[in-house]
Amino acid sequence: MGDMQMSVVDPTWELLDPNPDIRALFLEFNDTFFWGQLSGVEVKWSARMTLCAGVCSYEGRGGLCSIRLSEPLLKLRPRKDLVETLLHEMIHALLFVTHNNKDHDSHGPEFCKHMERINGRTGANISVYHNFHDEVDEYRKHWWLCNGPCQKRKPYFGYVKRAMNRAPSSLDPWWADHQRTCGGSFVKVKEPENYPQKRKRKNDPTISEVNSSSHVKGKSNGVDIRTVIPFSGTGYKLFEPNKSDAPLKILNINPTKDKAAVPLLNHTPPSTNINGTFLTNKIGSAKSTPAQSILTKVSVANTKVFINLNGSPIKLPSGSKNKSHQISSKQKSVLPFFKMQKDNSFDLTLPSPSIQSTSQKPQKDISFGFTLPSQSFPSTSPGSNSENKEPLYKKLQMNDRESFIIHSGNKTNVNDNKSCTGPAATTASGLNHTIKVSCPVCGTEVLECKINDHLDTCTSSGPQKDILLDVSLPLQSFPSTSQGSNSAIKEPLYKKLQINDKDSFIIHSGNKTNVNDNKSCTRPAATTASGFNHTIKVCCPVCGTDVLQDKINDHLDTCLQNCNT
């Protein structure tokens, strides 16, 4: 048969592929007989079409062309009839998509030309009309008989047979002619077995409700999901104020019972802060106030009470709840230390030396809390009391990409009680007229009260987003951490720290080494080849523990790993 080894209508296909995939057949026939021009045509089964074996519909130029095959008729016929019906409809589709549909009756010369071409190549018997009359009559279960003269006329003898329960009416195109020539009325004489019972069962709301509930298993209408899927864990109930810090444990909630039943409260687990120390629950204590008994929601958004640790809310210690400057991921956390000017200048108000953290491991969203002696930092807010000796807690958040360490280079003796109790002369803004501070831009010593004007002059070239601060610190008070460095070098150590208006800073302070003491500044007591002192202890910025200076790097690595876990 040409280029094919076996005819598409060969009887062997009945055993090899009795139920073929019509989409696979369509693609194969499109490439073999129709030059691949039907790739945009749709082919599918139709479960309701019982009058004809196939239909090809076209929505016009550029529209959808669809082929539908009758599943009720073709499933009772041999495979050969399915193939011939599909080829028949594909010829119609070819005439549609190539705009060659000149045949007004759809089966004219153009159709017959392609039909004969395919029949000659395949040995098929594609015809104009099908002969599945027995199958069509099998699905016509609803019969009506006319009581007029037309019941004696050929070919129908007054019968109207249909597959659906639709009585003859004026909607039929032949109704007007029947009324004029016969004038009789139609009476239903036959319908499928048990059809009234099926119709009654379908229209009965009680039966349909029972059937719907029996068929759809596990589906609940208006029922709490917690009754279908029991929840035995702990959690917080949304949109309801919690009366305790403890998580709510929901047990056996039945929505049909009294609504006054509330979820049982599980025992309160001990909360921990970021340093790993346990915090006590003060609800119900003798010192609790009505405001404390009704707490806000447990959320990382409430930065006054909780901090964000890897997405989990951790309660802050009670001593830092009332502080106005709490943990923040933006630069608002360092505003108490630096007062931003309009031209990106800073008012540096930290006179104490600091110890540089040597750990360079990037940590994400880790908050450090450390205590700074308030005596060494005069308050910069208007109206604040300089005699306040309460420790100042500052919580600064360190980000892996936006973390900087600022070393203060002011040589004020932090152990001098006279200079710690209060400034010699302060203005209403809290600035001292006698203390000189070092300009972070040019390094010149300027009076503290005039540092802002001096910074404006230094940066008068124009607003800059990135400003480099040169902070000169004596090398002897801050031993170098690099291997093989010489501790006897007297040259000042300059650190370039870039300050961005969107970055956050970590300021390490609290080193009580007297920078004015020449003995301590000339040479450390005992140093190793790496520059660390074996006798000086430094405070860990993470947990606050005093650790030997040469052990601080290992201790910081351990603390940071514990924070992550």
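Glycine too: its Cβ is placed from the backbone N, Cα and C atoms.
Zn(2+) 1 binds His88, His92 as Swiss-Prot records it, and from the list His99, His107 the residue named for this site is His107.
When the ranges 168-176, 231-239, 303-311 are checked against Swiss-Prot, the one recorded as motif 'SHP-box' is 231-239.
On a Cα basis, Cys439 (Zn(2+) 2 binding site) lies 93 Å away from His88 (Zn(2+) 1 binding site). Fewest other C-beta atoms within 10 Å: among the binding-site residues Cys439, Cys442, that description fits Cys442. The DSSP breakdown of the domain 'SprT-like' (23-130), given as helix, strand and coil counts, is 48 helix, 16 strand, 44 coil. Taking each of the binding-site residues His92, His454 in turn and counting other Cβ atoms within 10 Å of its Cβ gives the largest count for His92.
Counted within 10 Å of its Cβ, the other Cβ atoms near His107 (Zn(2+) 1 binding site) come to 16, all protein chains included.
Looking just at the domain 'SprT-like' (23-130), the mean pLDDT is 88. Under DSSP, Cys439 (Zn(2+) 2 binding site) is assigned to coil, being neither helix nor strand in the three-state scheme.
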